Amino acid sequence: MAGGASAAGPSVRIVVAGDAKTGKSSLILTAATDAFPPSVPPVLPPTRLPDDIYPDKVPVTIIDTSSSPENRGKLVEELKKADAVVLTYACDKPATLDRLSTFWLPELRRLEVRVPVVVVGCMLDKRDEQYPVSLEQVMSPIMQQFREIETCIECSALRHIQIPEVFYYAQKAVLHPTAPLFDQEAQTLKPRCVRALKRIFILCDLDRDGALSDEELNDFQVKCFNAPLQPSEIVGVKRVVQEKLHEGVNERGLTLTGFLFLHALFIEKGRLETTWTVLRKFGYNNEIRLSEDQLPPPIKRHPDQASFVELTNDALDFLRRIFFTFDIDGNGALRSNELDDLFSTAPENPWSEGPYKDAAEKDALGGLSVDSFLSEWALMTLLDPIYSVENLIYIGYAGEPSSAIRVTRRRRIDRKKQQSDRNVYQCFVFGPKEAGKSAILNSFIGRPFPEEYQSTSDNQYAVNVVDLGGVKKFLVLREIPEDGVKRLLSSKDALADCDVAIFVHDSSSETSWKRSADLLVDVATHGEATGYEVPCLIVAAKDDLDAYLTEIQDSTRVSQDLGIEAPIPISTKLGDFSNLFRRIVNAAERPHLSIPETEAGRSRKQYHRLINRSLMFVSVGAAVAVVGLAAYRVYAARKNSSS
């Protein structure tokens, strides 16, 4: 929300807008003073309603606006800061009602003001009684077109008809909005609301028998509303559910179906505050996601720890248990339906879209093995650790959120110790178009070799486990499209996320090799200039094709000049990888090796050595001079004393 209001927020900011002479200022003054004003200024200053005027006791500030062209900038500014908007029309002027759908509501959308809207018909006392109008009949088509309208109401400031209700509905729309919870067209709970309530139900079902017993239902009531249910009330609740939905109650108590039905009933009856109270007690915000105070604080990292965050052993053990819990058929793989069930208490399946979708190896039926499952989590933690922890909590992780992740030590320290203590490594895959980058990623996660070339337009990821003699490490391959390299290297921290880089070229094409060599020099130069040097490997792809005449000599010479390993020949088509993925992890594990050194880098180092040597010479000379001066003073003192 624009103004940041929430159940515990500082205030709700309501902006009143609409055509001139539709009763905006009179509406505000009457609500604030409980008296109809004999005269009103053109635009009122911000008006604060008494804190205790409504049950939530959340302060309400009302902002009056002018619709005149010269005040357009101020109007837009206020609308963009609103928590809710009250749009007014005059009951005796049908043209002002038409303007809501022809100007005001489209204008809010154009300005991207995504807050609840309350439509208010003012000056009800002026409507001609001989022409009665049904508010529902008039507003129904507009509300169908503009779903952001929370409610409609007519009022009269002169006769004190429904004035307090206007701002009560506006405040309620902010604190207890309908849109995130309920699909008014389908008359059903929205999927995200269902998922959150399912998680809450499972958390309250302490004996895990699929129903809330009378005791569990009472504990839930006390937690959410600070008041127990009387036995007769529990019986009444279950009777209401069972009368409407037989499967909502069984011999063990209130089922999940019944629990969801109750909340749909509350919402249909306008008691949204009941469901919102429950959601907020369990840490949800207005987007029905866990609020920030439920998650770890922002991670403080040094620049060379840019993405070095990984799951702890505690979190990995939890995920292994979860995997086997949801592997219902016991075949050692999570199928899509089992994965959907696992994430059914999260706002959505986090792996349904890029970069996580299809980033890990799947079996012939599309299932994830336990290694692939953990690989997906490793990737998500690498790219967005807080989001990863959030999803861990959704699926049942009960430990302290911060205990699920750890920030690994700085790469600079790894270099000094000449080894790394991490379990997850990220490799950037560079190379020109059609060099075979995507084929390497596909092969890494078991996808078949494609017969036709497909260009990669965005960063692609592949993640899998690499076994180093019984020790398993997670390797993330990130493909960098050729036309994205310049944009990537425009940032000083471009290589901060990179543990190791490989440079792929088509060994049958001299042009491909030259372009790949240029990329290698560009990346090495950037690393030397920024202090983010990374181990680099040259990969000669398409080894099944005839190499161009001097390919081996050219690539070997460049690798020797830069001081890195000889090129690694591979053929994804033939499945011959020369232990490429192990060699990538080995290079990441020993970050002091395989770092290329350019001619410019060598010159720079030589220059610094000369400077340091000169400084050392000067300091030694100065020391000799000081010693000589001291010796002279001793000699002079002795001579004076003897004379």
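Placed from the backbone N, Cα and C atoms, the Cβ positions cover glycine too.
Whatever TrEMBL says is automated annotation, not expert-curated.
Positions annotated as domain 'Miro' by TrEMBL: 9-176, 422-590. As annotated by TrEMBL, domain 'EF-hand' applies to 314-349. Look at TrEMBL and you will find 615-635 tagged as transmembrane segment.
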Check your understanding: In the domain 'EF-hand' (314-349), how many residues does DSSP call helix, how many strand, and how many coil?
Key -> 23 helix, 1 strand, 12 coil
Practice item. Please give the sequence-distant neighbours of the domain 'EF-hand' (314-349): residues at least 6 beyond its ends with Cβ less than 8 Å from one of its Cβ atoms. Key: 191-192, 195-196, 198-199, 202, 288-289, 363, 365-370, 373-374, 377, 391-392, 394-397, 399, 403-405
Check your understanding: Averaged over the domain 'Miro' (422-590), what pLDDT does the prediction give?
Key -> 92
